[in-house]
Amino acid sequence: MNYQELADKIKLWGQELGFQKVGICDVDLSEHEAELQKWLDAGYHGSMDWMARHGMMRARPSELLPGTVRVISARMNYLPPEAQFASNLSDTTQAYISRYALGRDYHKLVRNQLKKLGQKIEQEVGQFGYRPFVDSAPILERPLAQKSGLGWTGKHSLILDKECGSWFFLGELLIDLPLPVDTASINECGKCSACITSCPTSAIVADGIVDARRCISYLTIEYDGVIPEEFRKSMGNRIYGCDDCQLVCPWNRFSDLTQQKDFHRREALESADLITLFMWDENTFLKNMEGSAIRRIGHLQWLRNLSVAMGNAPFSQEIVEVLSSRKGLSDVLDVHIEWALSQQLAQTPLKNATNRQQRLIRIIQKGLPRDA
Ligand code: SF4
Ligand code: SF4
């Protein structure tokens, strides 16, 4: 078999399947094991226990799928048109949702395309061992992507490339064919440190190292407990994920928009008014978020994140009223509602409030039900 010819074909098929770039690497990630262990030992994974549980298997693709000798890494752009970063982040009455999550959940789409790539190869070479992965949970996808020439690991710990920045998903196809490997990407961050200095919560603790416990993506998505108070103000209106470290990256000037309609902003998120989103009941949340990655955080966590954003919004009587109306659903949510109310009320000196506002403020301060 001419493996070089096959590798060339795989890259073409990958593009036909919607991937912007495909690369191939071997499975030796031994040089990353020590840094992974250090990251875990420092506790930077927070409550993501599965990271510790998977342990070094994440750095050993051949343990995930015995017989694996190569990994095909692929990237797919996700930046939707009309991303409206600046206007959305600066309007604190609106919710900011990480741009990768505005459309459909990418896992299924990317996995399906990788599976099709595997089937294409099978048609060419006959039966062989392969398995698609989409997610960094079981596998260290970023070092594999860098080895495959898809980009380098930036100081924000994400993969980025000169040609296209970092607004893309990664996926991997583990295979047992000894294809020729690609040249690894070299780091081009240079003296830039824009992502480090602009991170709202100082989560990038060293070049390429993120303390997840401080990262807004982790706090709003992975973490379901009480968000430490020290981060709540810095979260601003970011209710699901955070894109700041990518937004400031100079290489993202060269990004292309996604070609996948599935990643465009869904209708329910066209208007991301905080009050409207907060007033969705659980059924509305589940219906509006069907097929979205956001659905997985559940309605209570959705409300928790929105509460923080509402605490950071300019004072509005309506916000105070809707926040109060959601008290009592869960202890964790109540902590955030109380905090948000205190932030709202701190903006309204009692003497300046209207009679109705004064009554409301007194009711809330006494912790009485709204209709008391
Ligand atoms: S996603 Fe946001 S909070 Fe997390 S490291 Fe990047 S800028 Fe910081
Ligand atoms: S912002 Fe600068 S330091 Fe951070 S990833 Fe981009 S180029 Fe690298």
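Indices start at 1 and increase along the chain as displayed.
Glycine residues also receive a Cβ, built from the backbone N, Cα and C atoms like all the rest.
A TrEMBL annotation is a machine prediction, not a hand-curated record.
The active site, proton donor annotation in TrEMBL covers D135. According to TrEMBL, the feature cob(II)alamin binding site maps to R58, D135, T153, I159, L170, S217, C242, D243. If you look up TrEMBL, you'll see C189, C192, C195, C249 marked as [4Fe-4S] cluster 1 binding site. The annotation [4Fe-4S] cluster 2 binding site is assigned in TrEMBL to C199, C215, C242, C245. Residues or ranges marked as domain '4Fe-4S ferredoxin-type' by TrEMBL: 177-209.
Shown here: features listed in TrEMBL, placed on the structure.
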residue	record	Cβ contacts under 8 Å, 6 or more apart
R58	cob(II)alamin binding site	L36, M51, S136, P138, I139, L140
D135	active site, proton donor	H107, E141
T153	cob(II)alamin binding site	R142, P143, Q146, I159, N187, G208
L170	cob(II)alamin binding site	S73, A74, R75, V134, S136, E141, R142, A145, L150, I159
C192	[4Fe-4S] cluster 1 binding site	K155, C249, P250
C199	[4Fe-4S] cluster 2 binding site	H156, C215, D244, C245
S217	cob(II)alamin binding site	S98, G241, C242
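With a 10 A radius on its CB, C242 (cob(II)alamin binding site) counts 27 other CB atoms from all the protein chains. Taking the Cβ of C245 ([4Fe-4S] cluster 2 binding site) as centre and 10 Å as the limit, one finds 26 other Cβ atoms among all the protein chains shown. C245 ([4Fe-4S] cluster 2 binding site) falls within a helix when secondary structure is assigned with DSSP.
Only residues 6 or more beyond the boundaries of the domain '4Fe-4S ferredoxin-type' (177-209), in the same chain, are considered here, and those with a CB under 8 A from a CB of the stretch are 3-4, 6-7, 10, 23-26, 39, 44, 69-70, 72, 121, 125, 128, 146-157, 161-162, 215-216, 219, 231, 234-236, 238, 242, 244-251. Residue environment of D243 (cob(II)alamin binding site) contains 23 other Cβ atoms, counted within 10 Å of its Cβ in all protein chains. Between the C-alpha atoms of C195 ([4Fe-4S] cluster 1 binding site) and D243 (cob(II)alamin binding site), the distance comes to 10 Å. In this structure the C-alpha atoms belonging to D243 (cob(II)alamin binding site) and C189 ([4Fe-4S] cluster 1 binding site) are separated by 18 Å. Among the binding-site residues R58, I159, C189, C192, S217, D243, the residues whose Cβ sits under 6 Å from any atom of ligand 2 are C189, C192. For the binding-site residues C189, C195, the greatest number of Cβ atoms within 10 Å around a candidate Cβ is found at C195. For the recorded [4Fe-4S] cluster 1 site, residues C189, C192, C195, C249 set the reference point as the centre of their Cβ atoms, and the other residues of that chain within 8 Å of it by Cβ are G154, K155, H156, L160, S193, A194, I196, C245, V248, P250, W251.
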